[in-house]
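Per TrEMBL, the features are as follows:
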type	residues	note
TRANSMEM	12-31	transmembrane segment
TRANSMEM	70-91	transmembrane segment
TRANSMEM	98-126	transmembrane segment
TRANSMEM	138-157	transmembrane segment
TRANSMEM	178-197	transmembrane segment
TRANSMEM	242-266	transmembrane segment
TRANSMEM	287-308	transmembrane segment
TRANSMEM	320-341	transmembrane segment
TRANSMEM	399-415	transmembrane segment
TRANSMEM	421-445	transmembrane segment
TRANSMEM	457-479	transmembrane segment
TRANSMEM	499-518	transmembrane segment
């Protein structure tokens, strides 16, 4: 045991040394690339750090960053108004839902103008559907058909021009707001389905044993409330009112981008605001976000990864630089979504609603597809498990369910072939991982040598999975399905094989480092 511990410490030292050398090389070459090719790149604007140009080539990041001051001012005012009403009138769920509904509708009117009519009309129709059919046998079918129809039609008809309803409505097309309503409505669809199912299941026998959960859950037994308890615990029937439902759909802090929260979890926190985060904890959360924003500013001022991909310049570079830019783009995407999601969650926390945390783990600390998906859009994953995966049969039909789930995820994001390609590639990579995991679970590892071999095979498997993840995400969000042939041909050339080998070794080392991190967490949890 002592020898094993000593050997693992030496291995960890070597792995850390390799990681330091790897990242030093990647950053140095990235800086050189950005310096040599900046004149050919699109989307660079004058920056504020060291007279450098700033990479704002990503439209989503550019819009979020540019609107941060106005968003912060708006949410600050809304928070002040909501807190004042809660304190002055001791408002509970129904009262707070009306306050937040009025505030949120004012916010939506600025974002979408007259298109708020579409949101309220579709939401009202969904509410009637749930109330009329919510206790019937065929409710699930009706709920999904209704919501999927609007999800697709909203995109196909580009948010329905008012002119299509007649000449008397044409003037309203001049008041469509500053943000396309049907883009945000994708999140509203998820909330409408959540409300429907939570209402549908409210009268049924609940298998969730609250007392047993509180005894077993480390989080709940410490006096806090975990998200699983908030989600699974049914709320009283009076919470399924139209005002609380509409407030849930358009709750301002989570409206644009989430994180996604179930109806049960939202409604239960209207009466009693979240207590998991103290005022100091929320302030610390905000400070950490500011530090992460500064890291993003450093990256976008010195490392122009996204500009290389949008400009197409990286296709003219060697395989080594293609790998560095591809890896950099994925890290940029992770940090972008990390900042967007945590910003809105921060404002929700201030107002007493705790939503699930997206990106709870760094993108560079995931070595299998399942953990990557669970730790990327984590709140969406929780939603999919509760409202899609379990109703479809759960683990009993896992191989079939992943195809349905990822196809829905692709369509939910947008109607694009590259997203469907991403979804189906991910499913293809998922199948061998599930089979290997199933075999590994059944296999009994006894003895130090077998344990060593098993760990090494796991690291090799992790390296393969990370490569597959990179390919799937680059196809889905950067190069599209037409770029697969180019990517494969670039890395299978004779002169590119050493780069491919070095990339694989780096992923292998990274996976072994993740094993050590996982072991350290287990030891910490056991010592508590």
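Note: Cβ is positioned from N, Cα and C throughout, glycine not excepted.
The model shown is predicted, which means the values in this text are computed figures rather than measured ones.
Remark: the transmembrane segment (499-518) contacts the transmembrane segment (12-31), by the rule of 3 or more CB pairs under 8 A. At the 8 Å Cβ threshold, with sequence separation of at least 6, the transmembrane segment (457-479) comes into contact with the transmembrane segment (320-341) through 3 or more pairs.
Listed as Cβ neighbours of the transmembrane segment (399-415) (distance under 8 Å, sequence separation of 6 or more from its ends, same chain) are residues 151-152, 155-156, 186, 189-190, 380, 384, 388-389, 392-393, 422-424, 426-427, 430-431, 434, 476. Beyond its flanks by at least six residues, the transmembrane segment (287-308) meets 27, 30-31, 33-34, 37-38, 41-44, 47-50, 52-58, 61, 314, 325, 328-329, 331-332, 335-336, 338-339, 342-343, 346 of its own chain at Cβ-Cβ distances under 8 Å.
For the transmembrane segment (98-126), the partner stretch with the highest count of Cβ pairs under 8 angstroms, out of 12-31, 138-157, 178-197, 242-266, is 242-266.
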